[in-house]
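> Pulled these features from Swiss-Prot for this protein:
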- 2: N-acetylthreonine (MOD_RES)
- 61, 66, 85, 88: Zn(2+) binding site (BINDING)
- 308: phosphothreonine (MOD_RES)
- 632-718: repeat 'Gelsolin-like' (REPEAT)
């Protein structure tokens, strides 16, 4: 018998699914008392090298309101060649191609190990991938040079049939015509005036070609006139490389004390409009590179006077940020237009000050695009992160999917409340849609324009079975995830994942339900919900809501005597959950103090799309200790772990930090590592560096690398993350010298837990 931990792990590896509960309460009333909803983290394109795509199309249920895909949970009558849908119980005839099936000769989609399966749609044309570069030229020469080199590098990684386009912007916006031999030709637009797709179509002479023509198969080899701005790489590789090399800084003079006039809002609007007119519903990626905030035209986020700083959280709270609402509205409209046509928007922002990510965040968030934030385009952090966008799989294909749609089907006793992640609603009302919305709800279909192997959505469900309608013994609830997308090879693919979980009566089998709790998944699902609320609610209100949910969970599943906090016990399945909540409350996802609005938007963007493992690291960073007393070991994220004779490696997802304890730092300063007799010290110093390099080489986006020591200014990154179990207030009461006192008034995990226990056992609660 496998344990729940093994069961959870197997399901994640096979199906890319993690549920908060792995046995479901069988009535609506009992489900609401569980505090944490029945919900799942789902990674649609979870990498499965052992799962080759199948070269035929899925068999669908014939009932028009169902259309579920044949799967291992369906009952099959091999003699009559019939199958019964496990969602609506409709009996269906197998298509003629299945005439040879039997108990001994089953198609792959009926085998239990293929609960996830990928089909290749052989109908329809194969479309090329489209990459449209949108480049800010109001940046320093050194930065611009580095950016040009990165873009030239990316051209060499694109498939030869991919179409590319180039738009540059400063005070004006230039759309470059790429088909001209020996001459640079571009259309110039004013950066202060927005254009509709129709106006753009007429101005660029795109209106002569019907939209349908641009999406038919033969047109790919013979690009229509509308492709003057989007040309195959193999045809214009040299020209575009030269054109990029010749790009100059924006020529408009910038007076003293002023910011350059930058028309980011209009540039992005033209990019969205260009793709809308020429290639709707085809996999396309707008890659926008910005080196500062928009200072004119629609979408501007700050004026051009340098003495007026860009908005802070304080300004926003005091309603003193005059451009935020208007700027956000402009970019939201663009994000929705791009999402409708299935196009992805990436934003690569590199500057020392804010660039307006707060206002622009909806563009990558709604289209499944990337958001990358750095100090300069001339850093390895940007260069390597950008290179990783073009990572390829073992078959030499990009690890990116385009124009995805996710449809979810459920059994009758459960409905879908909504999804939180990089998606937009397709407003598809079906029988399995709940009236209680969580996140993007009121639909059973979502559009995910850009997908990577780690893109993960949080899906929330509602048990609707009534209390007085018992589910038969041994009954199971089922959910089917159907993801259709354009593979980077140009093929349309459909990945189908079908899972089932047992029902249990919460009044008689509460132990079974409690034992099935996945505390890691639950923590991330509740965190996504809290961050989603934080976008529209006051920070303290969100923290209070989170605390209330935690107290209720402790009251429901803890073991205790009324009014006796010392008697409180949590079973192993719940024991880490309060600790996750403690670190979540202190995290930059919910605490905006000390972070700019752009930084908060950046952190939240990544949390809302990453898989479970990476999300857990973001909430509760991992700490490893290196010392002479043994091999490297994971240690508690606690101030007591900071010792003089230790090196610590902390991974927060966004940063990799190496911290040298006081003694180690002194030895390093004295140069002992360079003396042959202290070779073991040299190895000790090198070990965390090697481990850090491994993480730096594989993660997207590449983390910031920090090397610091006791008393170093950057040690603050470590001190702000660890649990302050020893502070300047209690350090002398411990009667020992271990650990480092943290100068903070924040409560420690111990104090937090004591308060939690007191509130959970209180009879007044």
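The backbone N, Cα and C atoms fix where each Cβ goes, glycine too.
Bear in mind that the values here come from a model prediction, so they are computed numbers and not experimental data.
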> For residue 61 (Zn(2+) binding site), which DSSP three-state class applies?
coil
> Can you tell me how far the Cα of residue 88 (Zn(2+) binding site) sits from the Cα of residue 2 (N-acetylthreonine), in Å?
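About 31 Å separate the Cα atoms of these two residues.
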> Starting from the Cβ of residue 308 (phosphothreonine), draw a 10 Å sphere and report how many other Cβ atoms land inside it.
10
> I want to check the contact list for residue 66 (Zn(2+) binding site): same chain, sequence separation of six or more, C-beta distance under 8 angstroms. What comes out?
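Same-chain residues close to residue 66 (Zn(2+) binding site) (Cβ under 8 Å, separated by 6 or more) are 85, 87, 88, 90, 409.
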> What's the CA-CA gap between residue 308 (phosphothreonine) and residue 61 (Zn(2+) binding site) in angstrom, rounded?
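Rounded to a whole number, the Cα-Cα distance is 62 Å.
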> For the residue listed as 'N-acetylthreonine', list the number of other Cβ atoms lying within 10 Å of its Cβ atom.
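Other Cβ atoms within 10 Å of the residue listed as 'N-acetylthreonine': 9.
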> What mean pLDDT score does the repeat 'Gelsolin-like' (632-718) have in the model?
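That region's mean pLDDT is 97.
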> Expressed to the nearest Å, what is the distance separating residue 2 (N-acetylthreonine) and residue 61 (Zn(2+) binding site) at their Cα atoms?
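Between the alpha carbons of residue 2 (N-acetylthreonine) and residue 61 (Zn(2+) binding site) there are 33 Å.
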> Please compare the binding-site residues 61, 85, 88 by how many other CB atoms fall within 10 Å of each one's CB, and tell me which has the fewest.
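With the binding-site residues 61, 85, 88, fewest surrounding Cβ atoms within 10 Å: 88.
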> Let's see if you can do this one: DSSP helix, strand and coil counts over the repeat 'Gelsolin-like' (632-718), in that order.
44 helix, 21 strand, 22 coil
